[in-house]
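Engineer: Below are the structure tokens for one structure; questions will follow.
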Amino acid sequence: MTRERETAKGKTRNINRGGDGGEQVYCSFCGRSAQEVSSMVAGPMAFICDRCIKTSYDILRKELSAIQHPEVIAEQPFLPRLVSPKAILESLNQYVVGQERAKRSLAVAVYNHYKRIDSQEWRHDDDEIVIEKSNIMLIGPTGTGKTLLAQTLANLLEVPFSIVDATSLTEAGYVGDDVETILARLLHASDFNLERAERGIIYVDEIDKIARKSANVSITRDVSGEGVQQALLKILEGAVVGVPPKGGRKHPEQQLININTKNILFICGGAFEGLDRLIARRISKSSMGFGSSVTDKQSGYDPEILKHVTQDDLHEYGLIPEFIGRLPVLSTLDPLDADALRSILVEPKNALVKQYGKLFEMDGVELEFTPEALERVVAIAIERGTGARALRSVLENVMIDIMFELPTMKGVGKCIITEEVIDRKGEPIYLDGAGRKKKRA
């Protein structure tokens with residue numbers, strides 16, 4: 001179904017969704033296909049969808065209104081919710097167990113970041129004080145909640161959020177993802193709402209993996225280490241970057257969308273294995289007893305040592321000074337002990353035990369874990385050494401067979417998981433609606 005009309009420069013076509021399927025076109029501005037939008041207008045050399053037309057109209061209307069009626073205040077742009085540090089901390093406490101120092105640091109940093117954005121909208125030209133952006137570096141072992149902290153912050157502030165693995169990034173021209181891919185993912189997360197994307201949060205995981213491989217200059221390029229750090233500098237600090245909406249290398253012919261990164265908050269996280277030894281060596285120069293006691297430890301992390309991390313330590317680890325300087329807020333996370341893992345299982349709003357309980361409730365069954373079962377889950381997770389991630393792995397391995405059988409079992413009102421079930425040495429206890437034991441058929 002097409003409808004043609006004459007224009008001054010030639011023919012345009014209005015391509016309505018639901019045509020005969022013989023023509024596949026994409027918006028030259030946002031990259032959406034004709035099937036994803038209500039209408040697509042085709043010009044001699046380009047296409048534009050109805051959503052981009054509306055966005056363009058809104059922009060032009062505001063600009064014309066400002067010129068013709070300067071006394072009229074323009075419509076307020078999208079601004080994230082400005083939440084106080086205490087409110088941010090209270091929200092984080094509902095989902096993240098422990099890590100009080102890191103949560104406080106994040107709460108203040110995020111509050112100041114979005115307060116800075118808010119002040120920019122009403123800043124006078126004669127105001128000489130310009131508040132710089134403060135991106136965040138989270139340092140802590142695997143499974144301590146770095147990603148969860150960033151995700152929870154984005155949900156609280158109602159801003160777009162995306163996660164990227166730093167190990168997939170390489171310099172432009174090499175196999176892997178360009179750094180612009182980071183912004184493309186945020187653009188998708190915002191449903192191509194540019195104004196929202198420019199105030200979103202990006203979490204870059206495994207940032208320690210792009211540390212320089214060696215302190216010595218090599219004749220071969222370090223395309224996934226220092227090269228990526230150099231490529232990330234401009235988007236971390238704030239620049240207008242041309243972003244390919246479908247990804248950079250598979251569709252080189254596509255139109256670029258310009259994103260200004262000056263108000264995007266970047267949170268980088270990494271385990272930084274071995275960093276504690278670098279810190280201990282530095283400290284031991286002035287306090288031999290303290291330093292030697294740390295380096296004698298066989299376990300990787302000492303939380304007390306990590307609290308003393310400095311930018312110089314990160315430089316020695318392999319991050320370049322320019323990159324470190326663009327992540328001024330440093331916060332460390334502690335390894336999770338047995339008490340913390342036990343709390344993670346049952347206390348947060350989205351605790352694993354509560355999630356499984358909800359799934360069983362949908363089948364009309366009450367789920368219960370005995371205290372001994374929970375202790376056994378924690379013990380196995382500690383043995384695996386991957387923090388909170390191990391909890392889900394242990395439970396999923398145990399629960400999958402139970403959840404496979406349960407929907408076809410009749411008359412079950414309650415399912416009790418014991419320590420023997422966790423160790424795969426016994427069956428769950430099934431009770432009927434009256435509380436009587438029920439054997440599995």
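Backbone N, Cα and C define each Cβ position, glycine as well.
According to Swiss-Prot, the feature domain 'ClpX-type ZB' maps to 15-68, an assignment based on sequence analysis. The Zn(2+) binding site annotation in Swiss-Prot covers C27, C30, C49, C52. According to Swiss-Prot, the feature ATP binding site maps to P141, T142, G143, T144, G145, K146, T147, L148, an assignment based on sequence analysis.
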Engineer: Would you list the other residues of this chain near ATP - those whose C-beta lies within 8 angstroms of the C-beta centroid of P141, T142, G143, T144, G145, K146, T147, L148 - in sequence order?
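Structural biologist: In sequence order, the nearby non-listed residues are G140, G269, L333, G387, A388, R389.
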Engineer: What binding-site residues in the list C27, C30, C49, C52 lie within 10 angstroms of P141 (ATP binding site), counting C-alpha atoms?
Structural biologist: none
Engineer: Just the number: how many Å between the Cα atoms of G143 (ATP binding site) and C27 (Zn(2+) binding site)?
Structural biologist: 41
Engineer: Compare the C-alpha of C52 (Zn(2+) binding site) with the C-alpha of each of the binding-site residues T144, G145, L148, and give the closest one.
Structural biologist: L148
Engineer: For K146 (ATP binding site), what is the tally of other C-beta atoms lying within 10 angstroms of its C-beta?
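Structural biologist: Excluding its own Cβ, the number within 10 Å is 27.
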Engineer: Residues near the Zn(2+) site, C27, C30, C49, C52 excluded, by Cβ within 8 Å of the Cβ center?
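Structural biologist: After dropping the recorded site residues, what remains is S28, F29, G31, R32, V37, M40, F47, I48, D50, R51, I53, F192.
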Engineer: For the binding-site residues C27, C30, C52, L148, which one has its C-beta crowded by the most other C-beta atoms within 10 angstroms?
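Structural biologist: Neighbour-count leader: C27.
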Engineer: Go through P141, G143, G145, our binding-site residues, and report the one whose Cβ sees the most other Cβ atoms within 10 Å.
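Structural biologist: Counting every other Cβ within 10 Å of each candidate, the maximum falls on G145.
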Engineer: Say we define neighbours as other CB atoms within 10 Å of the CB. Which of the binding-site residues T144, T147 has the fewest?
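Structural biologist: Minimum Cβ neighbour count within 10 Å, taken over the binding-site residues T144, T147, occurs at T147.
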Engineer: Could you give the Cα-Cα distance between K146 (ATP binding site) and C30 (Zn(2+) binding site), in whole Å?
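Structural biologist: Each residue's Cα considered, K146 (ATP binding site) and C30 (Zn(2+) binding site) end up 32 Å apart.
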Engineer: Which residue among the binding-site residues C49, T142 has the fewest other Cβ atoms within 10 Å of its Cβ, if you could check?
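Structural biologist: Lowest Cβ count within 10 Å among the binding-site residues (C49, T142) is T142.
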Engineer: Rounded to an integer, what is the Cα-Cα distance in Å between T147 (ATP binding site) and C30 (Zn(2+) binding site)?
Structural biologist: 29
Engineer: Where C49 (Zn(2+) binding site) and G145 (ATP binding site) are concerned, what is their Cα separation in Å, rounded?
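Structural biologist: Cα-Cα, rounded: 40 Å.
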Engineer: To the nearest Å, how far is the Cα of G145 (ATP binding site) from the Cα of C30 (Zn(2+) binding site)?
Structural biologist: 34
